[in-house]
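Chemist: To start, I am sharing the structure in question, which I have written as structure tokens.
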Amino acid sequence: MPKETGGLSLDGQGKPLWLSLELTYRCPLKCSWCNNPLDFEDYAAKELSTEEWKKVLRESRELGALQLGFTGGEPLQRPDLEELVAYADSLGFYTNLITSGIGLGEERLIALKNAGLKQIQLSLQATRADVTDALVGARAHARKLEAGRLIKAHGFPMVLNMPVFRQNIGMTGEMIEWAAGLGIEYLEFANIQYYNWALMNRDELMPTLEQVRDAEKVVQQWRDRLGKKMTIYFVIPDYYEGRPKACMNGWGAIHLTIAPDGVAMPCQEARVIPGLEFESVRDRPLAWIWHESPLFRKYRGLDWLPEPCGSCAEKEKDFGGCRCQAFLLTGDAGNTDPACSRSPRHQVVQDAVDAVARPLRFRKPLVRRAAGAMSTAFLET
Amino acid sequence: METIALSADARPRLSPHFMFRWEASQDAYILLYPEGLIKLNLSAGEILKRCDGERTVAAIVADLQAAFPGHGEEIAASVRAFVDLACDKGWLRT
């Protein structure tokens, strides 16, 4: 999830400044913390065509979008990625590729560079091959390292993204050392957020508060050592914050995500919320969806906020937190995010935190993202 | 971290990987960089436009003083403040 950016006037004046295109949910990896929908495989047959994606790019640029992330799934699974990057670049977008690195050979990297790609965010889960490969369910480590080396060799700025959970949180220091050696400019420790596959595996993935604090200390030591050579982000999980995150800087404020089938969403998780009317760019103009649709208006602004948010002094800071998390943990997306200690339902978050810290508990194997696990396509006629 | 003031003969230029351009939909100059964007106010835009790695800080001040007459001291102070800040934030390099 994009973080707040220093210096940016976060008031987008009603424009979707940040556009995320989920080109596909197809991916060669099986990460247990994937934020794609559980029925991800049902989208493969419904993916937008190249021309349909180009229409999305035109319409969102007209709405004032500037930053663009090509994501997925694994966006490299789309053979038209280079064509879409070139088109987006010609429209004036700043183009970012968010990738696992699998499929990023030198030939494609050069083609992407020629297409005008500006930046690559590469994910890496561990500094040891056996750990990475076990976590992502594929022999990926060596290929990821090679992708990282190539990205730097071809002069791209790079964000290295390490999704953080209990299994790898002890490796933060080694990861920084490796990234510094490669000359990576930005390193992001993304404590995973608990939606979809990650929520299913939460008890096994969530680190203890002590582990989070230790990792934070390591990060701070390295920041002092490296100075301005590398920017290191470390965002602590909202379960431990006591205050909710300013999710997406508010619903329908500056973020717009398009799913593989063309459905427009305020964030990548919003489809977990039942009862909302999702609209596809195949059926409606994007300007109408963004400005007028009931979906984007539902939780936009501050007027809809429930108590205790409505009378809270911090409402303009966090907008009541995350709607998806409110739904997943309390059953109602219109509730205060239970990550907030002022939420009447904060106990559900507290219980999850307590469960993780319990010294003796039953351990379960991680459920891997896999085809066939959650498909509901057989129900459709 | 302390901000170190640049000397008048430093030649600031945009950091690599930063994109600086006019954006009509914002009616402003903007800076785009990995995972970030900054909308610049009018004076910041005018200063950054001149940070081309050729001109010195002193030359940028003189250039702006010629373009916007009658604000001599104010311009000198705000160029120094902005260039220091932009170097500190990593937007500019010398």
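Just so you know, glycine gets a Cβ as well, placed from its N, Cα and C.
As annotated in TrEMBL:
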- A:13-229: domain 'Radical SAM core' (DOMAIN)
- A:Cys27, A:Cys31, A:Cys34: [4Fe-4S] cluster binding site (BINDING)
Chemist: Within the domain 'Radical SAM core' (A:13-229) only, compute the mean pLDDT.
Modeler: 95
Chemist: Would you count the other C-beta atoms found within 10 angstroms of the C-beta of A:Cys34 ([4Fe-4S] cluster binding site) for me?
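Modeler: So the Cβ neighbour count for A:Cys34 ([4Fe-4S] cluster binding site) comes to 25.
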Chemist: Near chain B, which of the binding-site residues A:Cys27, A:Cys31, A:Cys34 can you find when the cut-off is a Cβ distance under 8 Å?
Modeler: none
Chemist: Using the centroid of the Cβ atoms of A:Cys27, A:Cys31, A:Cys34 as reference, list every other same-chain residue with Cβ within 8 Å of it (recorded [4Fe-4S] cluster site), in sequence order.
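Modeler: Counting only non-site residues, the set is A:Leu29, A:Lys30, A:Trp33, A:Asn36, A:Gly73, A:Ser100, A:Val136, A:Trp197, A:Arg369.
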Chemist: Count the Cβ atoms, other than its own, that fall within 10 Å of the Cβ of A:Cys31 ([4Fe-4S] cluster binding site), considering every protein chain shown.
Modeler: 24
